[in-house]
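Engineer: Okay, handing you the structure first.
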Amino acid sequence: MASPRTPVSPPELPEKNFQYRQVQYWDQRYKDAADSGPYEWFGDFASFRALLEPELCPEDRILVLGCGNSALSYELFLGGFPNVTSVDYSPVVVAAMQVRYAHVPSLRWETMDVRALDFPSGSFDVVLEKGTLDAMLAGEPDPWNVSSEGVHTVDQVLSEVGFQKRTRQLFGSHTQLELVLAGLILVLAALLLGCLVALWVHRDPAHSTCVTEACIRVAGKILESLDRGVSPCQDFYQFSCGGWIRRNPLPNGRSRWNTFNSLWDQNQAILKHLLENTTFNSSSEAERKTRSFYLSCLQSERIEKLGAKPLRDLIDKIGGWNITGPWDEDSFMDVLKAVAGTYRATPFFTVYVSADSKSSNSNIIQVDQSGLFLPSRDYYLNRTANEKVLTAYLDYMVELGVLLGGQPTSTREQMQQVLELEIQLANITVPQDQRRDEEKIYHKMSISELQALAPAVDWLEFLSFLLSPLELGDSEPVVVYGTEYLQQVSELINRTEPSILNNYLIWNLVQKTTSSLDQRFETAQEKLLETLYGTKKSCTPRWQTCISNTDDALGFALGSLFVKATFDRQSKEIAEGMINEIRSAFEETLGDLVWMDEKTRLAAKEKADAIYDMIGFPDFILEPKELDDVYDGYEVSEDSFFQNMLNLYNFSAKVMADQLRKPPSRDQWSMTPQTVNAYYLPTKNEIVFPAGILQAPFYAHNHPKALNFGGIGVVMGHELTHAFDDQGREYDKEGNLRPWWQNESLTAFQNHTACMEEQYSQYQVNGERLNGLQTLGENIADNGGLKAAYNAYKAWLRKHGEEQPLPAVGLTNHQLFFVGFAQVWCSVRTPESSHEGLVTDPHSPARFRVLGTLSNSRDFLRHFGCPVGSPMNPGQLCEVW
């Protein structure tokens, strides 16, 4: 449930300043505001988040003094700080807040005078207040010569909660008087701002500036993210995000932080509340399974007590591991079937069931390259540059082997052999930028033909085990992506010693399962992640890890809880309307392309018309019987987290087998409803926008349309344009991989994409160039999505007229569209994480998703007046759509 957000007018000020100290004034004020939303003094939680989070841990007991009807306490809860007590000496507002947030039991509300707090000593770790101490000083006759009584009152409150020492640590050696004066300056600044707003409204009877609470709030967020010291034509990313970057240092334990991470943290807090406070008596069985799974993950004491035993027992059951004890030397196929079949690890290759790209109405077995633990083959092959990572990885392998019972010296020797095998795998793995032409890498063959291609594996035996109880024969069709890779893998298996093969297979199982074991395994992984991504050990609570695990295991059952509690059905209708507006704008662009012939243009328009959109969630999650059917057969217990994970792997294999003889279903989403993301699926020609992304800053019903089109509108345009990027354009309107372009148009398309590939290949991060080919599809989608969304916004303006501008930001609504787009991508990353993104991510880094796209936008250059030759207007524009 979201915090109430009805617009709030500025409150009536008391006749005399000292009335701020009288409970009668506040009681009357809150009675008058009974139907209004929260009123925030000096800003909301987001305004101070960057300052607060370094001082807070999720376990902190927080006291909020003088809470009023602010949403601060609830927003702290949503931000991952659930233990909040709020006090105010107006019983009227306390009663109102108890009712408003009755659905959040961890929030406590007390009627209390801050000058006489009735809490035991040591009850709180952190104390927050916004203006309460200033209000206590409101009766001072001379704000520049505060009376000793006034200073004593402030000091008394701080001492009462044991906060005085911490305050001095935060503010150094400043005197109490200096601290009080600092507070008074904030009050005066707030009053001055109020006067300026009132003066503006008075001088402009037409109220041309939007002064609703939503407009004021979002204007504040935009302003605090901007860096006005940078010209927008010099560096628009820094102009739009410089303030945000200063205010958002990387949280502990994170290698990157951005809007997506922030929203996912917020969604996790909501899911935590739902799992811990929902009465599941009338829920579906699938929803009850989410709670049982989540609780099993939270049982840290039991997990610690079991230690490594669950995995050691599993290894023994499979046939042993040469690193830790006896093993069966003739068991390669049996171990491969167990590791890759029963427990769904991916040594050497990955096997899955999905829609046939050339016959999208049917599912087919598919085989592709896999088998590397590190994020990219580059980490194995560029050994000089990645020596630290390879050393840390080997140390991690050895530490886990020893934790599972191996001897340090022999474990290191054998793990070195496993690492060398992975390096050989990396050598034959095809780089992602060489796999972009799906027509070239798609190879359909029978199992018998696959057997001839890669004879080291008994494919009929393996696939029959994997897809049991289905009966397969030698003629069963299979799609292989990368025949040369599989051929070389087969040769690699044949020339590798059986003991090394066994160690490698079991190592894949160990990688898959150690996250379900005790803290020692987590600590070992943290050391590797620090080297790989630059992360530091964090105080990330166990519940947050468990929410992610529950989402992975039972994401759609969890999504049912999330959607019922948070999703506004009106958002779905509005999103549908926006998609249609953006589709129309894209199709108008198709009509203007001079390089496309008429036959290809008509087929492209038909494909755009045929794109199917899915908004919010699949319908089945709100039908208890259908939802239960999805997870029927998955056994979940509160007693064993490790066994729940093993059951999940086995269950997913059965689900995969069940899909093979069925046609693909539109209800089968690739993302759960709470996910903060979106995607395009070419074999269904569909775009999907989960509920998790349909919220601010991407979308809010009371935000200016300029921001909504610049936020979720660009995301919608991006996903729609994927249907026509260098890979999506190979699929027709039915989702089938086939050539449907005329040769002349295809040649022209490739010339335009070559410009974009070259453009992005010139950008650098920490002296390392982007791969313009690897990121080509996403760059095409970014550029096309921005153009379609902006054209849709212009069409909306023609129909509805100009919007009121936001106060204080000094931007036209057209400029606001581009700032809104850019601020969605404000981001901070460690250097290690930035490198990992360059070698693995098909997206460009956030900075260049903004700079690259806008420097190609004629509309942006016109509205910001960037002259040719300025950094944002280099003179040559790359346009595809």
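Here the Cβ of each residue, glycine as well, is placed from N, Cα and C on the backbone.
What Swiss-Prot shows for this protein is this:
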TOPO_DOM  1-178  topological domain 'Cytoplasmic'
BINDING   W26, Y30, W41, G66, D88, Y89, D113, V114, K130  S-adenosyl-L-methionine binding site
TRANSMEM  179-199  transmembrane segment
TOPO_DOM  200-881  topological domain 'Lumenal'
DISULFID  C210-C215  disulfide bond
DISULFID  C233-C866  disulfide bond
DISULFID  C241-C826  disulfide bond
CARBOHYD  N277  N-linked glycosylation site
CARBOHYD  N281  N-linked glycosylation site
DISULFID  C297-C546  disulfide bond
CARBOHYD  N322  N-linked glycosylation site
CARBOHYD  N382  N-linked glycosylation site
CARBOHYD  N427  N-linked glycosylation site
CARBOHYD  N494  N-linked glycosylation site
CARBOHYD  N650  N-linked glycosylation site
CARBOHYD  N743  N-linked glycosylation site
CARBOHYD  N751  N-linked glycosylation site
DISULFID  C755-C878  disulfide bond
Engineer: Can you tell me which of the binding-site residues W26, W41, D113, K130 is spatially closest to C878 (disulfide bond)? Compare CA atoms only.
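Structural biologist: Result for C878 (disulfide bond): the nearest of the binding-site residues is W41.
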Engineer: So among W26, W41, D88, D113, K130, all listed as binding-site residues, which is physically nearest to C866 (disulfide bond)? Use the C-alpha atoms.
Structural biologist: W41
Engineer: What does DSSP say about D88 (S-adenosyl-L-methionine binding site): helix, strand or coil?
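Structural biologist: In the DSSP reduction, D88 (S-adenosyl-L-methionine binding site) maps to strand.
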Engineer: Give the three-state DSSP assignment (helix, strand or coil) for C233 (disulfide bond).
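Structural biologist: C233 (disulfide bond) sits in coil per DSSP, no helix or strand.
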Engineer: Select the most exposed residue of C210, C241, C826, where exposure means the fewest other Cβ atoms within 10 Å, treating these as the disulfide-bonded residues.
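Structural biologist: Each of the disulfide-bonded residues C210, C241, C826 was scored; lowest Cβ tally within 10 Å is C210.
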Engineer: Of the recorded positions listed here (D113, C210, C233, C297, N427), which is spatially closest to C826 (disulfide bond) when Cα positions are compared?
Structural biologist: C233
Engineer: Nearest to N277 (N-linked glycosylation site) by Cα, among W26, W41, D88, D113, K130 (binding-site residues)?
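Structural biologist: Smallest Cα separation from N277 (N-linked glycosylation site) among W26, W41, D88, D113, K130: D88.
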Engineer: Could you please provide the mean pLDDT value for the topological domain 'Cytoplasmic' (1-178)?
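Structural biologist: Per the prediction, mean pLDDT sits at 72 for the topological domain 'Cytoplasmic' (1-178).
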Engineer: Quick check: in three-state DSSP terms, what is N277 (N-linked glycosylation site)?
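Structural biologist: Once the DSSP labels are grouped into three classes, N277 (N-linked glycosylation site) ends up as helix.
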